[in-house]
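Asks: Take a look at this one; I'll ask things after.
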Protein chains: 2
Amino acid sequence: MSRVYNFSAGPSFLPESVLLRAREEFLDWHGTGMSALELSHRSEEFIGIAEQAESDLREVMSIPPNYKVLFLHGGGTGQFAAVPLNLLSENKSGAYIHTGYWSGMAIEEARQFGEIHVAASGKDSGFTLIPPRESWVIPFNAAYLHYTSNETVNGVEFHTVPDVGDVPLVCDLSSNILSRSVDVSRFAISYAGAQKNMGPAGVTVVIVRDDVIRHNPHGVPSILDYERQAASGSFVNTPPTYSWYFVGLVLDWVREQGGVDVIEQHNIRKSQKLYSAIDASPFYSNPVPTEFRSRMNIPFHLADPSLEKKFAADARAAGLTTLEGHRSIGGIRASLYNAMPEAGVDALIAFMAEFERKYG
Amino acid sequence: MSRVYNFSAGPSFLPESVLLRAREEFLDWHGTGMSALELSHRSEEFIGIAEQAESDLREVMSIPPNYKVLFLHGGGTGQFAAVPLNLLSENKSGAYIHTGYWSGMAIEEARQFGEIHVAASGKDSGFTLIPPRESWVIPFNAAYLHYTSNETVNGVEFHTVPDVGDVPLVCDLSSNILSRSVDVSRFAISYAGAQKNMGPAGVTVVIVRDDVIRHNPHGVPSILDYERQAASGSFVNTPPTYSWYFVGLVLDWVREQGGVDVIEQHNIRKSQKLYSAIDASPFYSNPVPTEFRSRMNIPFHLADPSLEKKFAADARAAGLTTLEGHRSIGGIRASLYNAMPEAGVDALIAFMAEFERKYG
């Protein structure tokens, strides 16, 4: 079948031009007679690929020189453990903002490794809003404050970086990295699994400020140890080479689009179009107040929930795939990551109007 | 350039037919209009891929039903941590056989998490042999005994599974899995990074017997926790989907070859050919006694070590790549994993004869 519009929350839609380029060089990377899948991570070819990807990421995200950029195994969930393992010490606690499913998972994982405080929670709102900064209670012994800049399940996004004074700020950027301009220098650590806006599953980018990298005397698996990964250039063991290579291809594409600022304007327009279509109809609804709405993941319900299964199935038949909501809350979810063209959003909106006409 | 013979120790040579198939369906997996790179891990398509790969691995390795098969992030080095984290408890120690570079790394990693005993070491031999079983000293409180069935750097391989009585046996199969018939039911745990005989870097297969999976009350990152990974079908978080998919393609290829027994016969013939060529000439030498020689990784030296750099460079120009020895010991290393055809070994042997004629 011809290519569809894939609204998956991750692994997700990739730019077709990137897939075509990867396919073109699939058996013979740059005249070496080897696939990028087959390159030794110690070869000069792969080291070139790896360094270029890092340097491109530094450029498109304006990452300051006093930050290390790591390409690691383990996904965001690996970092849910790595952050407390690397940053907590005796008499210190980790502070968390609980804004939905994924920040909740980060909290649960961290509790295994030390004292954790929930400094603010959106639970009372059903995780439809971000608690105002002035309500946050950050404990005096906080080693860091962690937040999730975009909640893929709940469709809630931080549109500014919160001010937490001198407390090292840790940000899970998994689902909106490269989708908007963000001042990385505000973070001690930011990290992102690649499988939304950067490439395939299997590689996780960690951007960590030099001063929070410390020696862990024991108890940290070396694949999650910032000091050892930084010292070895993410080569503590064989890195996920093909995913790393693919991130490099996506970064080339980001630059071809005009960079993150241009992509951000597209993302604003795409998401506004879809929210407008939802808000204009009593048949569809999204519970998140405008100022907290995610540009990346737009969950919505049908007035008659019994039609939601049919909605997703009919959409799929029309070439609009993976619109099922997260299993924890059901409904419909459209993820509009960078690779989703405006034409895909238009096609979804047209399908929604037609579906409403038939069944509304 | 046309495809080369790639002797890399990993990531490594892949069967050309597998690469061609992956390229063929790169933009459209089985008529879905989506790349395998883009499939949601929760989609029925990816779940089908994942379950088929597991079932194929169970079949080709004859894995008994009382074992879980996990597909995890983190590589073999992740498992170096996972094994003690999951198996050690108070008053228990981990026992290790030290036969070279990689078992040494496993020991170093494990020391972070508990009391570790080296039950036997090949150090005095320069890691050219496996200490005889009767010399092993396994402590009475051993929670497990860990060994590395093939040392990729030193070129030493276990050709039988050691008998350690009731002590749970843990085996790192990273570099010889699927290369020979092995009775998995002898192990409590065996594991392997995929990037030698199974596929690309980024996914690690762990085969773990039900009775050693236990509840870890705290302190184990969930990506490395056997109980949680087993309970979720390796879906604690987004798994490395493309690497998992690719392992499935390689397993199809293994079956097309006639299975592991047939491949083992090829591997015996390929390695014997190369060892014979080395032994027949005073110009080349390998220090490992015959009974401990690896079929997978054959390190050798030239009588004049100053020629080794030229050897690897000239070989590369002749389409025989990545023959440089491991950085820790130098020299030359030819890795003859499953995907290396006998014609590749013949080409290497012819090149060696020609190089010796010119410079010997």
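Yeah, the Cβs are placed from backbone N, Cα and C, and that goes for glycine too.
TrEMBL lists these features:
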- A:4-348: domain 'Aminotransferase class V' (DOMAIN)
- A:R42: L-glutamate binding site (BINDING)
- A:G76, A:T77, A:W102, A:T152, A:D172, A:Q195, A:N237, A:T238: pyridoxal 5'-phosphate binding site (BINDING)
- A:K196: N6-(pyridoxal phosphate)lysine (MOD_RES)
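Map these features onto the structure and tell me what's around them.
Replies: Looking at the domain 'Aminotransferase class V' (A:4-348) alone, the prediction's average pLDDT is 97.
Annotation note: A:R42 (L-glutamate binding site) sits in a coil segment as assigned by DSSP.
Around A:W102 (pyridoxal 5'-phosphate binding site), the same-chain residues at least 6 positions away in sequence with a Cβ under 8 Å from its Cβ are A:G76, A:T148, A:E151, A:T152, A:V153, A:D172, A:S174, A:S175.
Long-range neighbours of A:K196 (N6-(pyridoxal phosphate)lysine) (same chain, six or more residues apart, CB within less than 8 Å of its CB): A:A9, A:G10, A:S12, A:T152, A:S174, A:S175, A:N176, A:I177, A:M296, A:S335, A:Y337. Mapped onto three states, the DSSP output places A:K196 (N6-(pyridoxal phosphate)lysine) in coil.
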Asks: List, in sequence order, the same-chain residues at least six positions removed whose CB sits under 8 Å from that of A:T77 (pyridoxal 5'-phosphate binding site)?
Replies: A:M105, A:E109
Asks: Using the structure shown, find which entry in A:Q195, A:N237 (the binding-site residues) has the sparsest Cβ neighbourhood within 10 Å.
Replies: A:N237
Asks: Give me the Cα-Cα distance between A:R42 (L-glutamate binding site) and A:T238 (pyridoxal 5'-phosphate binding site), rounded to a whole Å.
Replies: 9
Asks: Please report the DSSP secondary structure of A:D172 (pyridoxal 5'-phosphate binding site), reduced to three states.
Replies: strand
Asks: Measuring Cα to Cα across A:G76, A:T77, A:W102, A:T152, A:D172, A:Q195, A:N237, A:T238, which the record gives as the pyridoxal 5'-phosphate binders, how far apart are the two most distant ones in Å?
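Replies: Taking every pair of listed residues, the largest Cα separation comes to 30 Å.
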Asks: Name, in order along the sequence, the recorded positions among A:T152, A:Q195, A:K196 with a Cβ closer than 8 Å to any chain B Cβ.
Replies: A:Q195
